[in-house]
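Quick look at what Swiss-Prot annotates:
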ACT_SITE  E103  active site
BINDING   D8, D102  Mg(2+) binding site
DOMAIN    4-184  domain 'UmuC'
SITE      Y13  site 'Substrate discrimination'
Amino acid sequence: MRKIVHVDMDAFYASVEQRDDPSLRGKPVVVAWRGARSVVCAASYEARTFGIRSAMPAVRAERLCPDAVFVPPDFARYKAVSRQVREIFHRHTDLVEPLSLDEAYLDVTEAKTGMQLATEIAQLIRTQIREETQLTASAGIAPNKFLAKIASDWRKPDGQFVIAPSRVDAFLLPLPVNRIPGVGKVMDGKLAALGIVTVSDLRLRPLEELQAHFGSFGQSLYRRARGIDERPVEPDQEVQSVSSEDTFSEDLALDALDPHIQRLAEKTWHATRRTERIGRTVVLKLKTSNFRILTRSYTPEQPPASLQGLVDIALGLTRRVELPPETRYRLVGVGLSGFSDPELQAAVQGELFGEVPQQ
């Protein structure tokens, strides 16, 4: 039986800012640029009490908490701390799969230290993070990645939770189905319309029914409802693409997609920074009301060097959609692919990761 730990830093960017600037401690801190198109990169726990969340438009965050302190992101500093944390991970196992600057999966089935109990390994890792970075982390311990990720949220902040193999069903079945990664607001509504509210409800549905309604995602739902996840922890997994997408509650015309494309471009921009990689190809994804999927892409000579550059390319790709004007769209996505190692493009990285996005 595998022993998987998911470690997630607590309000990472905001916590780094509060650590480095004592005047911010105890205050609602929002890591974001101000501006109509800006989105929240991170919110301190004080800010979260006002309903502020990551990826929320910054203007909405400002309305929710006018007294919030807005701090522009400093990704170079966050990356430096992330490297410290990853060094701690590697003391315990070489099987470390970073998901972003602030979270990773670890397979500690055969830990370097010889420690046998995954709970003790997770506790030691969290203690070392606290002592060496003055930051806190939460951890989930389980037999697979899916369960470990859910567990890491259970005792946030600064806690850990274990799902033992013998307790998987007792833990999983009562959960609302939206705790399954990938089940967002729209999917949650579709499942509820079928009478599926909890994981227990989901488990009662046959695979064929779920596939009929949700295609390949139906198979994923079927497996997750049974706590099945055989994906290995893949060390130093290279990011192939980064994207953000939205499914609408009502289908929209093409010319109504611009504000959504702008917001998704910013989410993708920030997500790219967290991966520490550079994407060159801009991809626009659309799904029509009759579920036809279209993608349009453009590869400039150099990667987009600013947020506005990414937005402009993504918006320009809508002009390459040659469908009747009455066509309606139920989903839009913006992505970056064609990633290169930043060390091979140091000059580009300096521009890409060092500049302040245009507002």
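Keep in mind that glycine also has a Cβ here, set from the backbone N, Cα and C atoms.
Owing to the predicted nature of the structure, the values given are computational and were not obtained by experimental measurement.
Sequence features, as recorded in Swiss-Prot, placed on the structure.
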| residue | record | CB count, 10 Å |
| --- | --- | --- |
| D8 | Mg(2+) binding site | 20 |
| Y13 | site 'Substrate discrimination' | 29 |
| D102 | Mg(2+) binding site | 23 |
| E103 | active site | 20 |
Helix, strand or coil by DSSP: which one applies to D102 (Mg(2+) binding site)?
coil
Rounded inter-Cα distance in Å - Y13 (site 'Substrate discrimination'), the residue listed as 'active site':
12
Integer average pLDDT (0 to 100) for the domain 'UmuC' (4-184):
95
Does DSSP put D8 (Mg(2+) binding site) in a helix, in a strand, or in coil?
strand
Integer Å distance between the CA atoms belonging to D8 (Mg(2+) binding site) and E103 (active site):
4
